[in-house]
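First the structure, in the form of structure tokens, and then the observations on it.
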Amino acid sequence: MKVKVLSLLVPALLVAGAANAAEVYNKDGNKLDLYGKVDGLHYFSDDKSVDGDQTYMRLGFKGETQVTDQLTGYGQWEYQIQGNAPESENNSWTRVAFAGLKFQDIGSFDYGRNYGVVYDVTSWTDVLPEFGGDTYGSDNFMQQRGNGFATYRNTDFFGLVDGLNFAVQYQGQNGSVSGENDPDFTGHGITNNGRKALRQNGDGVGGSITYDYEGFGVGAAVSSSKRTDAQNTAAYIGNGDRAETYTGGLKYDANNIYLAAQYTQTYNATRVGSLGWANKAQNFEAVAQYQFDFGLRPSVAYLQSKGKNLGTIGTRNYDDEDILKYVDVGATYYFNKNMSTYVDYKINLLDDNQFTRDAGINTDNIVALGLVYQF
């Protein structure tokens, strides 16, 4: 019986971090779920900047309220706290925080810190035990989590076509707060939540469409964002007026088998370590997993991000370079719905050369061991 229960529970746990949430309150049309996890995590690597303790925890809630029989309000917040640093250091941050309204079959609208629509497709390969999803990153235009997202989502195409979903999104500017990119004192480029240039963005729009049918899924997403003045200086490669992303993906999720692949082409949007952005980048991720009934889930994946005609900084000229390239082999074992353990081996295929050293890109292998309690 335990084996059968695990075979049903594990796929549900992989869908979303809140899938295993604990219901705190459910009365009179108001519902609040609490979810979280503690990951006792250790990295083994020759790269001393990552080797060692990586323990962290995440905590969040999802709430909704029934306003009318046609209208539902909702909100979500998720926070991460590092457990590998002394108490004197502030190592915690908000991952998502947004609120919205859902109008039955018409769709939903929300605003706040959320996931960009490009992640609607690229998330299909972001399922490795520890690594993965690194051909993009947070606060990277509309490719993953970011600030100031206004999102409209429609599920099952107005209730007419099961499995056909689409989204349209706008992101407001998140630029410098110091005024360093405002030489004329016009206020252009300044926002109230400033950050360094590598994590800035101008106004952007994007959209996604996905279709799922009997375990098969296909999806596509696009985004186009203005770039800030601070991003278009001689200090960085990859200057340009706009950052653009085009992605497509396929997946199969049935019969204990999970297969997914995505290809993304970006222009002035893929970060190249600390050097800036690739004028053009070709990103590819593929993953295969199998869920055994007794709780074991082995995983194998390949990820690559290749920058094209990267450009010049100072006296250095960079042409075509691999920004990221590795094979990932790992496995997760689920004791039950609340407890699991995993090992994940990142086999780095990058060469240690002048480019990787200039960009601060790691070229060493990493083995991750984790023990997870989630609720």
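Placement of Cβ uses the backbone N, Cα and C atoms for every residue, glycine included.
Swiss-Prot lists 1-21 with the feature signal peptide.
When pLDDT is averaged over the topological domain 'Periplasmic' (22-33), the result is 93. Among the features that Swiss-Prot reports, topological domain 'Periplasmic' is placed at 22-33 (among others).
Annotation source Swiss-Prot lists topological domain 'Extracellular' at 43-53 (among others), citing a curator's inference. Counting residues 6+ beyond its ends, the topological domain 'Extracellular' (43-53) has Cβ neighbours under 8 Å at 83-84, 362, 364-369 in the same chain.
Look at Swiss-Prot and you will find 54-63 (among others) tagged as transmembrane segment, backed by similarity to another entry.
Under the heading topological domain 'Periplasmic', Swiss-Prot lists 64-73 (among others).
As annotated by Swiss-Prot, transmembrane segment applies to 74-84 (among others). Sequence-remote contacts of a segment are chain residues at least 6 beyond its ends whose Cβ falls under 8 Å from one of its Cβ atoms, and for the transmembrane segment (74-84) they are 17-18, 38, 52-65, 91-102, 108, 110.
For the topological domain 'Extracellular' (85-91), same-chain residues at least 6 beyond its ends with a Cβ under 8 Å from one of its own Cβ atoms do not exist. The topological domain 'Extracellular' annotation in Swiss-Prot covers 85-91 (among others).
Taken from Swiss-Prot, the feature transmembrane segment covers 92-101 (among others). Within its own chain, the transmembrane segment (92-101) is flanked in space by residues 58, 60, 67, 71-82, 108-115, 145, 149, 151, which lie at least six positions past its ends and keep a Cβ under 8 Å from the stretch.
Under the heading topological domain 'Periplasmic', Swiss-Prot lists 102-106 (among others), citing a curator's inference as support.
Annotation comment: Swiss-Prot describes 116-141 (among others) as topological domain 'Extracellular', evidence class a curator's inference. For the topological domain 'Extracellular' (116-141), the list of distant contacts is 14, 41, 147, 149, 151, 165, 167-169, 171, 174, 195, 199, 201, 204, 206-208, 210, 217, 219-223, 225, 243, 245, 247-249, 251, 258, 260-262, 264, 269-271, 283-287, 289, 299, 301, 303-305, 324, 326, 328, 330-332, 342-344, 346, 366, 368, 370: same-chain residues at least six beyond its ends, Cβ to Cβ under 8 Å.
Residues annotated as transmembrane segment in Swiss-Prot: 142-154 (among others).
Nonlocal intrachain contacts for the topological domain 'Periplasmic' (155-163), taken as residues 6+ away from its ends with a CB within less than 8 angstroms of a stretch CB, comprise 104-108, 211-213. If you look up Swiss-Prot, you'll see 155-163 (among others) marked as topological domain 'Periplasmic', on the strength of a curator's inference.
Only residues 6 or more beyond the boundaries of the transmembrane segment (164-171), in the same chain, are considered here, and those with a CB under 8 A from a CB of the stretch are 116-117, 120, 141-142, 146-157, 201, 203-212, 223, 225. Annotation comment: Swiss-Prot describes 164-171 (among others) as transmembrane segment.
Residues annotated as topological domain 'Extracellular' in Swiss-Prot, with a curator's inference given as evidence: 172-204 (among others).
If you look at the transmembrane segment (205-211), the same-chain residues 6 or more away from its ends with a CB under 8 A from one of its CBs are 116-118, 120-121, 142, 163-171, 217-225, 245. Per Swiss-Prot, transmembrane segment is recorded for 205-211 (among others).
Distant neighbours of the topological domain 'Periplasmic' (212-215): 163, 165, 252-255; these residues of the same chain sit at least 6 beyond its ends, with a Cβ under 8 Å from one of its Cβ atoms. Here Swiss-Prot flags 212-215 (among others) as topological domain 'Periplasmic', drawing on a curator's inference.
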